Amino acid sequence: MDRMTEDALRLNLLKRSLDPADERDDVLAKRLKMEGHEAMERLKMLALLKRKDLANLEVPHELPTKQDGSGVKGYEEKLNGNLRPHGDNNRTAGRPGKENINDEPVDMSARRSEPDRGRLTPSPDIIVLSDNEASSPRSSSRMEERLKAANLEMFKGKGMEERQQLIKQLRDELRLEEARLVLLKKLRQSQLQKENVVQKTPVVQNAASIVQPSPAHVGQQGLSKLPSRPGAQGIEPQNMRTLQGHSVIRSATNTTLPHMLMSQRVIAPNPAQLQGQRGPPKPGIVRTTTPNMNPAISYQPQSSSSVPCQRTTSSAIYMNLASHIQPGTVNRVSSPLPSPSAMSDAANSQAAAKLALRKQLEKTLLEIPPPKPPAPLLHFLPSAANSEFIYMVGLEEVVQSVIDSQGKNCASLLRVEPFVCAQCRTDFTPHWKQEKNGKILCEQCMTSNQKKALKAEHTNRLKNAFVKALQQEQEIEQRLQQQAALSPTTAPAVSSVSKQETIMRHHTLRQAPQPQSSLQRGIPTSARSMLSNFAQAPQLSVPGGLLGMPGVNIAYLNTGIGGHKAPSLADRQREYLLDMIPPRSISQSISGQK
């Protein structure tokens, strides 16, 4: 059946292509009329099928009542296929030839037999096509024929020149429409680019605010963490903390370390805080604070910012030592040092200046716009920016020039030398570009030169911003160095210390002796470097205002005092540093929590 349907469809298409236009219109009218009749027939058959199905469902239950003549239900069929049930009370007098009152309803219009009805009933799987029925391919072919006829009528009664002029005019109109299409496309692209820039601006600002700290700023974060292994000389930048909190110990270690450690400051605290530090000596304080100070001594950046860091660290160590010394065992010395508040102010001002400089650099970098990309190529036809389309246009121009040259005198044509790219020496490109200096470049070389120029301009802007920030940082460091050079750092006057006082001080510092063999195994490299710093450090004294005394001098830190006592002083320094090393349990807890 499907095969017959396809053959019938092909035959109908062939017949329609051979029919004239008038016959087609008549056939269309006939087809519409036949389709109307077929639709009415189908509606009637559907109504009959519905009535028959309903009768089969209800009539067997009502057969006894029909014989009695009570409660008989019937169905009246209308032409539009609707069914209306009614009883005996609604029935009118019997119409002769249509239906009997005492019998069930009989449809007199159903004269066809069952095989005929089954054959004429439309099946959902079979499409019946008549010879006069049109199809969709026919409508499209009809439109093409009409357009072809219109195009032929356009050229009727015109000469060759008039036809060429008309073709040229139509070609110009086509190019204008193509140019308008390109313009609309570019306008749409520019609108989309503006929307994307507006949406991406906050994201770029949020991402640029997370900038890694500069090396100069990292130098201010030297006092942060215990080294993870003895061979570690430097400190990684991600493990450093700023000096804004002025505290060495993290809040996570508060439960494991003594409460007195929270008052130990890297930058020298005020005298009111030092009043709580005086009292009986506690060895745990000295041992636990040393790991947080050793990295600051071993970490020496190239800039001069390490000078105030070492000075504040040594002053903090001296304050810890002064808490172990009895007031009556040392003579007074009149040798004032710069106050801790001045040193803390200098360090704070330096850190604040570098932080402000870093923020200014970040702001400057955010203000520098990224290199603007060149206009994107439009990869659709027709487009003046598409190379393939330009190739076709050029080929069309060449063919047109050849056609024009055949009908004219060849001598009148001008000969033009072909262009050659001054950079890549090629002689073929969709677009030739001429620079201001007269050089002719191909499209590829011109695009690459534009990209290089934009990238170089952006790189120069970034370079200028970094150079300016570096110069400002150097000026700040020089100013701080000059201020540090003006302040006195040494005390010339030294008082004599008796032998008994030295022995008492020695016993005071060694309150918790430990075996030297076990302690020397755990000495980190930073402790050894601090030992060398103490051996080379000039003679320093603690101001008396910190300890409630006119002046206290730590003479055993200077190896030049008393040549005959040099070995004993070196031993004392080594023993003092060994006492400052924390127990293994505390160091492991600190490193584990960090």
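Placement of Cβ uses the backbone N, Cα and C atoms for every residue, glycine included.
The annotation phosphoserine is assigned in Swiss-Prot to Ser17, Ser123, Ser130, Ser135, Ser136, Ser209, Ser334, Ser339, Ser341, Ser487. Residues or ranges marked as SUMO2 cross-link in Swiss-Prot (evidence: similarity to another entry): Lys33, Lys66, Lys98, Lys148, Lys200, Lys282, Lys354, Lys455, Lys468, Lys499. The annotation region 'Disordered' is assigned in Swiss-Prot to 62-143, 214-237. The annotation phosphothreonine is assigned in Swiss-Prot to Thr121 on the grounds of a large-scale study or a structure entry. Here Swiss-Prot flags 130-140 as compositional bias 'Low complexity'. If you look up Swiss-Prot, you'll see 166-191 marked as region 'CR1'. Sequence annotations record features per position, and here Swiss-Prot assigns region 'CR2' to 341-481 based on similarity to another entry.
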Euclidean distance between Cα atoms of Lys468 (SUMO2 cross-link) and Lys354 (SUMO2 cross-link), Å: 13
Other CB atoms within 10 A, centred on Lys354 (SUMO2 cross-link): 23
Same-chain residues at least 6 apart in sequence whose Cβ lies under 8 Å from Lys33 (SUMO2 cross-link): none
Local confidence of the region 'CR1' (166-191) - pLDDT mean: 89
Number of helical, extended and coil residues in the region 'CR2' (341-481), per DSSP: 90 helix, 6 strand, 45 coil
Other C-beta atoms that fall within 10 angstroms of the C-beta of Lys455 (SUMO2 cross-link): 11
Nonlocal residues around Lys468 (SUMO2 cross-link), in sequence order (Cβ under 8 Å, 6 or more apart): Thr364
Secondary structure content of the region 'CR1' (166-191), with strand meaning DSSP E or B: 26 helix, 0 strand, 0 coil
